[in-house]
Amino acid sequence: MVTPHAAGQPVLELKGIGKEFGAIRALHGVDLCIFPGEVVGLMGDNGAGKSTLVKIIAGNFPPSHGEIRFDGQAVHFARPIDARAVGIEVVYQDLALADNLTAAANVFLGRELKRKFGPLAFLDHKAMAARALELFGELRSETRPHDLVKQMSGGQRQAVAIARTRLSNAKLVMMDEPTAAISVRQVEQVLGLIHRLKEQGVAVMLISHRMPDVFAVCDRVVVMRRGEKRADKEIGDTSPEEVTSLITGAKEAA
Amino acid sequence: MATPLESPISFSNVGRAKWWQSGFFASQTSYVLLALVALFVVMNFASPYFFTEGNLQNVAKNFSFIAIATLGVTLVIITAGIDLSVGSMMCFSAMITSMVMTHISTPGLPGAEWFVHLAADGKTVIANVPGLILVVSVLAGLGVALMVGLVNGFCIAVLGLSPFVTTLGMLSIVRGLGYVVSNGRGSFPSGPDADYFYALTSGVVFGMPAPFIYLVVLAVAMAVVLHHTSFGRYVFAIGGNEKAAALTGVPVVRVKIEVYVICALAAGLQGIIVSGWLGSAPANMATSYELNVIAAAVIGGANLAGGVGGPLGAIVGCVLLEVIRNGLVLAQVNSYWQQALVGVIIIVAVLVDRIRSRMA
């Protein structure tokens, strides 16, 4: 496999990102590059600045300092929809699914396919189901478009949430703790889904506390502590022990 | 992927849900509909009068008098909201409609010259344009409903107040305004267009009461909107998981305001229709109707926690309430039992749904 770094231009480039909330400095001087088809693990203890960083990239709020470049262009996001428009998708920890709707309805929520009859626009159920099934097929998840999400397993739900990101052909998918609350078999499935995204040239940022998962799928691991990036290493050059000591602060930086 | 539904996926571990475990058959509405059919059969044996044309017309008319408002409330309940102001709204819209109609039909009052003039005999009032008075007064009644709905929606969706408290306040505000504008006196639809008004609200078309026809048309429209437009999809999504809906780009604020406006309009229309049947709009009209309306919606399967409900359920709930009332009268049971029985049915309907979802 080609090493992603050789692939040239990074899909996402952060330069000196900082964020203050009043007197609290949540992030300071974070530089980070993510390349197409690369899976980067973002690790750190609670309060290390992971979710602040993710929220800045996802457009929930702007950084106080620094610059975000996406596909080589400087970008400024006022709202999450702006980030989505350029190709950044987030899979939230609670998955942001409406339980009472079908898998297909959730995948297309907010971007329904419609057919126009004069001035009226009606949902195109058939086209949405077909496209959703295609996406589940790509993700190799056994999920029926017409099943209700509330009847699904954790892995299937994850597949629905990830299929949603595939709809727009996102270039960067950030996943917040996708393996935190599901069974061992389903963790396998989710890691499989991440591999599928990678195969299709999508950059993935995996925010996780689970060391084995990060070491199973990531090409690179970034460790945050006290609002700063303390390490950014190829997965082959580090070890779970080293990452743990970086997270806890036993080792200051690497 | 020419035939995508032939599916790139083979389902080895994930079975297909049985037909009775999914869709309509798994809903509370279907159970209540079953109960309703059973009730019809029982009534058929209990009283020879039940299946007479006159009685069925009566039943159809009576449940139509709360069913249109129930459609509106059902929509609100699907978004996990509630609207307690429907009873007051019914009264206020009816009152405004008949007051406006009376006002602009009285020659000499300001503005009335646009709508009516006196005939040569100096007594008979003649409309300038037949039907215009009716249209204007009904629009006035619906206009105040629109404004109340906008205020409800603004307070709930934009200011973030709780639907229960907001609409409880609105219940009182609107009822109070009704007393203010009428001074506590009832008003009557009158003037040259009053006959049209009565024909449209309490007339009979093709052997069916006019309100029943409006109800069917509105219910079909609501079913189409709920299941085949993105607005309907957003209504369900907001009820299922409002935060998720917002994160995925659903215009939550706009949809919630629209839902409360539609509910208020439905209540207003319902009130106008009821006043046509009563022949007047008394200031205490439809007092505590909000409870009947919400009860009917809940019995029909609308879930107060949000995300579930539909027009068929709303109608089935209303029919069930009315058939029970009607049945108790025919069976010569003390009519005070009705209210107690309605309470029992609400609880049983929700209980059956609870047991069913535990078993699934």
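Backbone N, Cα and C atoms are what each Cβ position is placed from, and that goes for glycine too.
Model, not experiment: these values are computed from the prediction.
Noted in TrEMBL for the protein shown:
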type	residues	note
TRANSMEM	B:31-51	transmembrane segment
TRANSMEM	B:63-82	transmembrane segment
TRANSMEM	B:89-105	transmembrane segment
TRANSMEM	B:125-147	transmembrane segment
TRANSMEM	B:154-177	transmembrane segment
TRANSMEM	B:197-227	transmembrane segment
TRANSMEM	B:259-279	transmembrane segment
TRANSMEM	B:291-324	transmembrane segment
TRANSMEM	B:336-355	transmembrane segment
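By the Cβ criterion (under 8 Å, sequence separation of 6 or more), the transmembrane segment (B:154-177) is in contact with the transmembrane segment (B:89-105), since 3+ such pairs are found. In this chain, the transmembrane segment (B:89-105) lies apart from the transmembrane segment (B:291-324): fewer than three C-beta pairs between them fall below 8 angstroms, excluding pairs fewer than 6 positions apart. Taking Cβ pairs closer than 8 Å, the transmembrane segment (B:291-324) reaches residues 27-29, 32-33, 35-36, 39-40, 43, 59, 62-64, 66-67, 69-71, 73-75, 77-82, 84, 86-87, 215, 218-220, 222-223, 226, 236, 238-240, 338, 341-342, 345-346, 349-350, 353 in its own chain, all 6 or more past its ends. In this chain, the transmembrane segment (B:197-227) lies in contact with the transmembrane segment (B:259-279); the count of Cβ pairs under 8 Å, excluding pairs fewer than 6 apart in sequence, is at least 3. Using a Cβ-Cβ cut-off under 8 Å and counting only residues 6 or more beyond its ends in the same chain, the transmembrane segment (B:336-355) has close neighbours at 28, 31-32, 35, 292, 295, 298-299, 301, 320-321, 324-325, 328.
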